[in-house]
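Asks: So Swiss-Prot has the following annotated:
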TRANSMEM  14-34  transmembrane segment
TRANSMEM  39-59  transmembrane segment
BINDING   HIS143, HIS147, GLU224  Zn(2+) binding site
ACT_SITE  GLU144  active site
TRANSMEM  158-178  transmembrane segment
TRANSMEM  195-215  transmembrane segment
Amino acid sequence: MLYQQIASNKRKTVVLLIVFFCLLAAIGAAVGYLVLGSYQFGLVLALIIGVIYAVSMIFQSTNVVMSMNNAREVTEDEAPNYFHIVEDMAMVAQIPMPRVFIVEDDSLNAFATGSKPENAAVAATTGLLAVMNREELEGVIGHEVSHIRNYDIRISTIAVALASAVTLISSIGSRMLFYGGGRRRDDDREDGGNILVLIFSILSLILAPLAASLVQLAISRQREYLADASSVELTRNPQGMISALEKLDRSEPMGHPVDDASAALYINDPTKKEGLKSLFYTHPPIADRIERLRHM
């Protein structure tokens with residue numbers, strides 16, 4: 001059951017990434033048709049922008065992410081229990097030992113970052129380290145180490161980059177169209193008006209950014225389910241992970257502001273959105289995550 005869930009989540013993520021590139025191609029073709037006079041040129045340009053954006057974000061320094069989240073690196077002497085759990089989970093996962101960080105915050109949370117296992121790092125809040133027992137902490141760290149092993153950080157970064165590229169291209173295309181940079185009316189008469197293509201292009205311009213955001217959220221949620229399942233694979237203790245999630249669910253929001261890109265990295269959404277904003281959670285509901293673990 002565990003390996004079936006892991007395989008299913010991986011397949012769903014691949015499908016979502018394909019959908020993402022289709023959205024990028026659609027918005028590029030739309031801008032090309034409406035503004036540049038060539039949908040082929042717009043399509044190719046959009047894909048190039050998306051790839052460049054993704055590659056540049058992947059190679060951002062781990063230190064930058066840690067600095068943005070007010071995390072400080074600790075040694076084995078400063079936090080021996082925490083350090084040894086990270087070491088144990090990394091050994092079981094067969095990845096290099098990540099760097100270990102602490103965030104001074106009373107909320108219960110943790111995250112991992114790094115484009116590959118060789119330059120990865122794990123961070124946990126002081127609140128998490130104070131409240132969790134060893135089994136629960138192993139579940140949380142196993143979750144973060146699984147993100148590293150499964151290259152989730154890289155996938156999430158690509159998703160953020162592609163969503164940003166779609167929004168950027170849509171914004172530029174809309175402005176150019178609004179300020180008169182669109183196709184000449186003569187062009188439309190020459191090709192018979194092609195009303196359906198025109199309507200599709202305009203709808204793509206409007207709806208693609210929203211669709212990209214929803215796909216990004218779906219990818220993030222699938223990776224959280226996968227990391228939960230992978231953590232249980234490492235610890236062989238589903239109850240430890242379930243107990244940790246129950247405590248995370250009762251946690252208060254982070255005490256310092258967290259930007260949207262960083263929020264997606266945490267094991268528990270640090271902003272604790274409510275109402276309509278919860279529809280745009282980067283994380284699946286904790287109740288759903290617990291339910292999945294109970295059915296393993």
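Quick reminder: no glycine exception, Cβ is built from N, Cα and C everywhere.
Just so it is clear, the model here is predicted, and its values are computed rather than measured.
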Asks: Below 8 Å between Cβ atoms, which of the listed ranges 14-34, 39-59, 158-178 makes the most pairs with the transmembrane segment (195-215)?
Replies: 14-34
Asks: I need the neighbours of the Zn(2+) site defined by HIS143, HIS147, GLU224. Which other residues of that chain put their C-beta within 8 angstroms of the C-beta centroid, in sequence order?
Replies: ALA112, GLU144, SER146, ASP152, ARG223, LEU226, ALA227, ASP228, SER230, SER231, ILE267
Asks: What residues, ordered by sequence, lie under 8 A Cβ-to-Cβ from GLU224 (Zn(2+) binding site) and sit at least six positions away in the same chain?
Replies: ILE267, HIS283, PRO284, ARG289
Asks: Are there any residues at least 6 positions away along the chain from the residue listed as 'active site' with a Cβ closer than 8 Å to its Cβ? List them or say none.
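Replies: The list for the residue listed as 'active site' reads ALA110, PHE111, ALA112, VAL122, ALA227, ILE267, given in order along the sequence.
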Asks: Across all the protein chains here, work out how many other Cβ atoms are within 10 Å of the Cβ of HIS143 (Zn(2+) binding site).
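Replies: Within a 10 Å radius of the Cβ of HIS143 (Zn(2+) binding site) lie 28 other Cβ atoms.
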Asks: With Cβ-Cβ distance below 8 Å and at least 6 positions apart along the chain, what are the contacts of HIS147 (Zn(2+) binding site)? List them in sequence order.
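Replies: ALA112, ILE153, ARG223, ALA227 - these are the non-local Cβ neighbours of HIS147 (Zn(2+) binding site), listed in sequence order.
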